[in-house]
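Structure first, commentary second.
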Amino acid sequence: MKAIIVLLMVVTSNADRICTGITSSNSPHVVKTATQGEVNVTGVIPLTTTPTKSHFANLKGTKTRGKLCPKCLNCTDLDVALARPKCTGTIPSAKASILHEVKPVTFGCFPIMHDRTKIRQLPNLLRGYEHIRLSTHNVINAEKAPGGPYKIGTSGSCPNVTNGNGFFATMAWAVPKNDNNKTATNSLTVEVPYICTEGEDQITVWGFHSDNEIQMVKLYGDSKPQKFTSSANGVTTHYVSQIGGFPNQAEDGGLPQSGRIVVDYMVQKSGKTGTITYQRGILLPQKVWCASGRSKVIKGSLPLIGEADCLHEKYGGLNKSKPYYTGEHAKAIGNCPIWVKTPLKLANGTKYRPPAKLLKER
């Protein structure tokens, strides 16, 4: 009988050490469970982090595009997209791109009515492609287009590489060449062929010029509003020019301009022809953009400093230290943590249980 009593005493005195999953030590950790609500445990691993705002960076493992043309000095992305003189150069390929100009504008050249068309979207459209290049050839012969012959207009506000008068390389300002064809005209149509490599999208830039009545008669022989239409890939767009009412505006140190240009673009899929119907003041397409592949685009800011696992619209460049994050929820690209509303913890200890009270000896 004594042997049995001794055995029971051993088992009782060691109970808190041999039962797995239970501890009697104090525990500061509380986790929420699906079945038992809040539970005290002996240890947890935090699964979430709350990022702090940082600068944007290059995405690890891929090329990241900031400016469309990094080597085009004193040029906005819209200058590059329209091929303003001194703003042409190689656009590096990239799998990820930073949208850093919310409302792109041109830095100089001829005054543009930016908000009459979707032209502000052009830089960001180009940014969404992995590979972008400007064609080496003009898409049409502007001098011999319907309604010609034309001379190609230039502006002193668009100095070229030799500091002579120039214009955007994507368009030709078609001005009637002589008095014989400097008259009002019915609508004319020109076909815009596909000249890119098969499989590429062709982005064709075009537009029109308008001025006050005196200048319209002087340049085109017609002071009435002119009509313009573009059509490509099932999308048709119509415009009517505005005559006069523009204050003189100087661009990039050039002479004050009483006229304005409206610029638009159309996307031609592989092998597809586009059309432009026009009257006087047409800016005929010339060099076109050939683009392929896809680049992930995210809103951000420049310069890009260093590298990061993830690019987040609100926090900039993030390195993934935890699988989840709390804070502001926004678009992110790369190897990013997942947004959660509240912090998550992984219990890696045991369930806490207060120590058993010893029975008093009788």
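Placed from the backbone N, Cα and C atoms, the Cβ positions cover glycine too.
Record features (Swiss-Prot):
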type     : residues : note
CARBOHYD : N40      : N-linked glycosylation site
CARBOHYD : N74      : N-linked glycosylation site
CARBOHYD : N160     : N-linked glycosylation site
CARBOHYD : N181     : N-linked glycosylation site
CARBOHYD : N319     : N-linked glycosylation site
CARBOHYD : N348     : N-linked glycosylation site
SIGNAL   : 1-15     : signal peptide
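Feature map: Swiss-Prot annotations on the structure.
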residue	record	DSSP (3 states)
N40	N-linked glycosylation site	strand
N74	N-linked glycosylation site	coil
N160	N-linked glycosylation site	coil
N181	N-linked glycosylation site	helix
N319	N-linked glycosylation site	coil
N348	N-linked glycosylation site	coil
Using Cα positions only, nearest of the glycosylation sites to N160 (N-linked glycosylation site) (N40, N74, N181, N319, N348):
N74
Rounded to the nearest Å, what's the C-alpha distance separating N319 (N-linked glycosylation site) and N348 (N-linked glycosylation site)? Just drop the number here, would you?
24
Tell me which of the glycosylation sites N40, N74, N181 ends up closest to N348 (N-linked glycosylation site) in space, Cα to Cα.
N40
Cβ neighbours within 10 Å, counted over all protein chains: which one of the glycosylation sites N181, N348 has the most?
N181
State the count of C-beta atoms found within 10 angstroms of the C-beta of N40 (N-linked glycosylation site), not counting that atom itself.
17
Between N40 (N-linked glycosylation site) and N181 (N-linked glycosylation site): CA-CA distance (Å):
90
Have a look around N319 (N-linked glycosylation site) and count the other CB atoms within 10 A of its CB, chains all included.
15
Just name the winner among N74, N160 (the glycosylation sites) by count of other CB atoms within 10 A of its CB.
N160
At the level of the C-alpha atoms, what whole-angstrom distance separates N74 (N-linked glycosylation site) and N40 (N-linked glycosylation site)?
61
